[in-house]
Ligand SMILES: C[S@@+](CC[C@H](N)C(=O)[O-])C[C@H]1O[C@@H](n2cnc3c(N)ncnc32)[C@H](O)[C@@H]1O
């Protein structure tokens with residue numbers, strides 16, 4: 001049977017919250033079951049929306065259930081979250097939201113519980129009370145452990161960091177400078193009546209409103225890619241020069257590799273330990289007409305797979321908590337656990353130490369994360385500098401602030417995702 005949008009949304013949310021799948025993997029598989037673009041957009045809105053304000057919805061729904069849904073009925077809890085989200089956060093008329101959600105219950109094989117779903121949602125609709133925000137988790141819709149870490153890291157601005165992480169992200173494009181100048185592409189966007197403006201980095205373009213990529217001029221030809229400006233700083237800061245041999249040590253899906261290849265005539269090794277994700281690097285290179293050596297290997301044991309020269313420059317875009325990109329991936333708040341941070345910190349240190357061996361004397365390594373936690377960023381780099389006598393930190397002059405311990409971009413700053421960069425230079429002898 002074909003499932004309606006609410007039933008599909010309940011399945012998406014279930015897979016993320018109960019099975020630990022990532023929203024960006026699960027959502028497209030479910031969207032593929034809908035023929036209409038508007039329906040696909042509503043499915044995304046409901047799934048992302050629930051992730052953004054989960055504690056408030058969970059609390060509202062749980063209070064109204066005499067006993068929680070368990071085992072095979074657990075999916076209905078997630079269906080109620082979808083119902084509650086529609087009532088509080090969308091302009092969908094309440095009668096339509098309730099009847100479609102009740103119909104989803106039937107479609108999901110729980111005919112006998114349609115009355116319960118109906119009853120709970122009618123009760124919420126009748127109450128018209130504001131959602132409970134009486135503790136930090138309910139107020140900020142952030143996990144407690146992360147609020148604690150952010151308070152410690154940003155005593156004066158943690159609330160703003162959270163508020164920015166709860167926003168819907170803007171859409172940034174990267175002009176492919178091998179195809180046309182940014183000014184020429186901006187003119188093409190204007191001709192297509194897509195409002196846009198130039199960003200701070202050489203190739204960045206900010207769209208006034210997010211647009212389907214298929215509506216962008218010459219997207220399929222590789223004229224342009226979708227990439228946040230914060231991520232575009234990587235190629236600028238790495239500053240690859242013609243003829244150099246470059247390593248992108250954690251390359252998949254290849255956004256930064258491709259940008260570096262667009263910016264200079266270099267040889268680039270795109271390395272990652274995830275074969276599936278590496279396929280995306282090949283696809284991106286193909287669309288953009290770029291060439292890279294693609295290597296499936298462990299960045300903490302490159303010796304086992306690479307027998308070529310050492311590298312002039314290395315980009316190490318390390319696996320991290322992704323706490324800087326919560327506005328794009330709100331499921332991170334619920335998938336990531338406090339204990340993950342220590343494990344990630346150790347992995348990053350191992351990869352840093354090993355990749356350093358593969359950097360030529362005089363070479364540059366750019367360490368990057370999309371994290372906003374000092375454990376993975378400034379503290380990681382301070383510890384690396386302390387144990388690595390031939391490493392020095394080069395100041396990043398990209399913004400007005402002084403970046404003594406690397407450059408921490410906070411979410412929303414100049415409309416960017418949260419990111420961290422540290423530029424490390426290896427002594428000549
Ligand atoms: C932040 S993502 C990289 C994003 C990529 N640089 C881009 O711009 O498209 C981190 C990557 O590190 C990879 N990774 C994790 N552990 C690794 C390891 N030990 N060796 C190599 N790659 C690893 C993951 O598979 C993931 O693709």
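In case you wondered, yes, glycine gets a Cβ from its N, Cα and C as well.
The S-adenosyl-L-methionine site recorded in TrEMBL comprises 250, 251, 252, 253, 254, 255, 256, 272, 298 together with one of 242, 309, 312, 317, namely 317. Listed ranges 168-198, 199-229, 261-291, 323-353; the one TrEMBL annotates as coiled coil is 261-291. Each of the recorded positions 250, 370 was scored by the number of other CB atoms within 10 Å of its CB, and the largest score is that of 370.
Site extent for S-adenosyl-L-methionine: among the recorded binding residues 250, 251, 252, 253, 254, 255, 256, 272, 298, 317, the largest C-alpha separation is 19 Å. Residue density at residue 252 (S-adenosyl-L-methionine binding site): 24 other Cβ atoms are found within 10 A of its Cβ, drawing on all protein chains shown. Other Cβ atoms within 10 Å of the Cβ of residue 254 (S-adenosyl-L-methionine binding site), summed over all protein chains shown, number 26. The Cβ of 298 has fewer other Cβ atoms within 10 Å than any other of the binding-site residues 256, 298.
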